[in-house]
Amino acid sequence: MNLHEYQAKSLLSEVGIDVPPNLLLKQASAKQVATALPSSETGRWVVKAQVHSGARGKAGGVRLVASGDEVVEAADALIGTRLVTGQTGPAGLPVDAVLVEPAAKIEHEYYLAVTVDRALQRVVMIASPQGGMDIEAVAASHPEAIFRAVVNPTVGLAAYQARDLAFALGLEGPQVKAFVGLALKLYRAFVERDAALIEINPLARVEGGDLAVVDAKVSLDDNAGYRQADWWQQRDVAQEDPAERKAIDHGLNYVSLDGNIACMVNGAGLAMATMDLIQHAGGMPANFLDVGGGTSAAKVTEAFKLILENPRVEAILVNIFGGIVRCDLIAEGILEAAREVALDVPTVVRLAGTNAEQGRRMLAESGLALTAEDDLAAAAGRAVELANKSREAAR
Ligand code: GDP
Ligand code: MN
């Protein structure tokens, strides 16, 4: 789950990281601004759209203003709109609130983040003197400007590692100590809050030499939602993909993708292998969907409905291995779903394992236009073929 910037900054302040004073506005209220606007030494404020996306600056979602009246004006212009950024897709995300802070006098922008390096199977801290912009672009054009500290999980981030990063960034004097303190607290927040990513971009050197947290992004691990109940309850579902949100409510593991071939699989590893096979057969998966090892007919029905809500889907590939779950139960779920929603998309079903034959028989006798396949590679090929056919037919 992603947090808004204002929530991310509050999470950071809980571990003792200094963040700017702020005012959160859910409407452009002159009264609220008059009474609660944090004072600004520079006489300037920044008004920032709260959406689950970066690159807001370039999209007009971060505005520098010079008076309380202008704060209200900027808030009015942003709240109630949808912000389209380079990361959101054309529909953008709803702006239901803006965060107002005294503007920092930025002299330099650094990048600092903590995340998991899956290949190394370690938490890593990443820092760059080229902050402010998209870090992927820096990594592509200036890989030498990206510095990493790999954390030993038993020891945690060591102070010397944080110091190394500070020197790599070119920090001097008191900045080094400030950076080390910040880095250690950041690592603590990452571990204690079950984060997947905490990013400060930019971490700014402001006039006078201090370091300031200008922007913050936090993503928490969904699997630890139950341990972080206070944050989980505050998640802003208005910012989430509606299909993914529905999936969470039904206990399904669903990720929207760009392709046209939906898949429904039990088990995350099998789901990934199935997506690979779809690509290998020349198709593009429309989603990742793991209905779980011990799934039920009701869950399969919900999964089918979810898949069919995606207008891009031109074929469906069901790949179930009946280990814990029985294939006849899966077949029942498919039939139930077909009864509830018009199953007008060509569907290939591959059932293997416990009661597979019984499941296949149920599907064959149903009179539904389902294609049964025993071999997984053949099933993927068939799904791609059917998707191509239905596209041609639509033309
Ligand atoms: P993002 O575009 O969504 O990552 O939003 P940021 O909060 O990172 O803001 C984008 C850019 O706006 C930053 O990289 C800064 O250059 C600029 N910016 C944001 N806040 C301030 C501020 O307080 N003062 C100044 N001078 N620039 C700011
Ligand atoms: Mn940023």
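Glycine is no exception: its Cβ is also placed from the backbone N, Cα and C atoms.
Keep in mind that this is a model prediction, so the values were computed, not measured.
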Problem - Of the candidates Asn260, Asn266, Asn388, the one that TrEMBL places in the substrate site of Gly323, Ile324, Val325 - result: Asn266
Exercise for the section: From Lys48, Lys177, grab the residue that TrEMBL records in the same ATP site as Glu101, Ala104, Glu109. Expected result: Lys48
Practice task
Please find which two of Asn266, Gly323, Ile324, Val325 have the most distant C-alpha atoms, given that the record lists them as binding substrate, and give only that distance in angstrom, rounded to a whole number.
Solution key: 10
Handout entry: Sparsest Cβ surroundings (other CB atoms within 10 Å) among the binding-site residues Asn201, Asn266
Key = Asn201
Practice task
Enter the number of other CB atoms within 10 angstroms of the CB of Lys48 (ATP binding site).
Solution key: 25
Problem - Chain-mates of Lys48, Glu101, Ala104, Glu109 with C-beta within 8 Å of site centroid, ATP - result: Pro20, Val46, Val62, Ala103, Ile106, Pro202, Ala204, Ala212, Val214, Asp215
Handout entry: Mean of the pLDDT scores, which run from 0 to 100, over the domain 'ATP-grasp' (9-229)
Key = 97
Fill in the blank from the handout: The answer for which binding-site residues (Lys48, Asn201, Val325) have a CB under 6 A from ligand 2 is Asn201
